[in-house]
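Have a look at the structure below before the remarks.
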Amino acid sequence: MSGLPGAGTSPGLGEASDLKFPLGAKFREPLTEARFQRLFGDAEQAPELLAEPRSSRLCRRWRRLASACSGPGAWRLLRARLPPLRWLPHYRWRAWLLGDAVAGVTVGIVHVPQGMAFALLTSVPPVFGLYTSFFPVLIYTLLGTGRHLSTGTFAVLSLMTGSAVERLVPEPLGGNLSGIEREQLDAQRVGSAAALAFGSGALMLGMFALQLGVLSTFLSEPVVKALTSGAALHVLVSQLPSLLGLPLPRQIGCFSLFKTLAAVLTALPRSSPAELTISALSLALLVPVKELNVRFRDKLPTPIPGEIVMVLLASVLCFTSSLDTRYNVQIVGLLPGGFPQPHLPDLAELPRILADSLPIALVTFAVSASLASIYADKYSYTIDSNQELLAHGISNLISSLFSCFPNSATLATTSLLVDAGGNTQLAGLFSCIVVLSVLLWLGPFFYYLPKVRNSGGMGVTGGGGGYILGHWGSQLASSAPKAVLACINISSMRQMFFQMQELPQLWRISRMDFAVWMVTWVAVVILSVDLGLAVGVVFSMMTVVCRTQRVQCLALGLAEGTELYRPLEESHKLLKVPGLCILRYPTPLYFGTRGQFRRILEWHLGLGEGRKETPKLDGPPDAVAEPVRVVVLDCSGITFADAAGAREVVQLARRCRDAGIHLLLAQCNASVLGTLTQAGLLDRVTPEQLFVSVQDAAAHALERLVRGQ
């Protein structure tokens, strides 16, 4: 490697040492941006790098699209959109197949009772929970990139969908509905839920077309965890009437949690002893089983399927004790076999449900992408956030044709799949086989599953111990969910409630993130899940903006014996050269920070009245005691600058020139430098005042001070 042109030498050091050794840099001429481009870059292409013409970008994009139309390009596109084409040829059949089979069957067994239970939160008959546990899982297996992700019904989405369905299709005030009227009401609610799935799927596909996978970063981890924890509390309170056997209407909208609590306390004397006993026994079994699965997850070959055991025990108890006829306990009845006929949801509903589809789509993508990222980091593989948008968008869109409600990745079943030994998306196929078996052959086994009494006071008919549910397997009002399935809903919230245990650690790590968590959680609990999500996202973004407003502009000093510049406040041994001020501004320079940037620079440089009006920011008392003759502005922390920020730098250059202060800029990235150039910076300063590093700018400043300029 040859030395730099014009670089000086020292005894014992060749020209090549100037580039190889950091301390050799003091023997060479300081590098400006222009000189660096002449030595190491293409000077003719440098202006194009700062502002690439739109025509060049369009041509490059057209060439990329044209290459995709070729044979190899089409194959690459197909492999990118169908992940099994990438991982299936490398599948380790002997090592992974058994784990995927066991994990898939285990998750499928849990999907059956949970799917029916979460259908209650959605205000649709239980069989549609089974449909939602089949079609989305199958589609994600073909399109998803999360190897350990389990999709299907999710309590938070079911709660959000149920609130929207109750608002769109409210139950008549009288409450006493005939069988035909109940079927018509259920049909309307199923249509609304399917329309919500269609709308959220279409929105996610639109986000995929625009390559908006990056939007997942705006839903931070504190926001997602607070959202799910607050929604878990909503689920718990909404299931209280079922646990107590109280035929209460479902509360929706803001303050619904407190309205439900007040209604439950008022109606508490009318609790049903039969349903209360069933609920107590169900929780007495489910909660300990959940705890055993967590405590002995390393010792158990597979987690204990407490939900399916509870469903079978409750069905046997109801059949042998005739609870339906003796204590007026309603039962699920016959689940229809097969699948519904595919049909488009009512597109006339789309304008009405658009406002509800957007938060559902955001929550679907945020929860799924965050869960996939967690396990991808743990098992050392990568996910494609845009492909996840495509997978969940198509999953919701196609499943809505089969009357499914919105779905996403789920916390509980994903953790269960990993604990059971799942390795790839192939586990989803085994899960689908279990749910398919229930839909085709095992539905009659759930005939005697208990449910609470109808809110309209309708008695139970049929001499065989139950009654047949209409076309979709249920004539139950949305305000009268099943007792056992309600207990399954509550027990599945365990993991979401335990997220609150992370709050003390979050307080120690970042109090700002702690504030985001608490504000989001309080908003979700007090208002609603939709509004709480909006409040959490807005507050999270505001904290980012506020943090850019409260940064410290650091005055730098030289560490003796090196060419390292560190903040003066870190040590009193750092050298401060009289007449030289080196400042580092560590935040983007945009319209929101331009005023702060001006005040800070005025204070440090003694320009105008800024020094008198602005309180001390940092550095020792003599940080600006000497008149400043040369100022070096380290721009390495300025990641971007907008037009307002760029004009502020141009004004600073003008004021420095009028005050006799020589301004040097160091370490501007290409984007910032291009913006400053377009704003007219080179009309105020010369290219020789732009340096590649703080060390080069400081060396030039020292030479200037020594010469007395």
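Using the three backbone atoms N, Cα and C, a Cβ is placed for every residue, glycine included.
Where the annotation comes from TrEMBL, it is an automatic prediction and has not been curated.
Residues or ranges marked as domain 'STAS' by TrEMBL: 570-701. What TrEMBL lists as transmembrane segment is 93-112, 119-143, 190-214, 358-377, 428-449, 514-542.
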Non-local residues, at least 6 beyond the ends, that sit with Cβ under 8 Å of the transmembrane segment (119-143):
81-84, 111-112, 149-153, 155, 158-159, 161-162, 165-166, 186, 189-190, 193, 235, 238, 242, 250, 332, 335-336, 339-340, 387, 390-392, 394-396, 398-399, 402-405, 407, 425-426, 428-429, 431-432, 435-436, 438-439, 443, 469, 472-474, 476, 478, 481-482, 485-486, 489
Per-residue pLDDT averaged over the domain 'STAS' (570-701), given as an integer:
83
Which residue counts does DSSP yield for the domain 'STAS' (570-701) in the helix, strand and coil classes, in that order?
56 helix, 20 strand, 56 coil
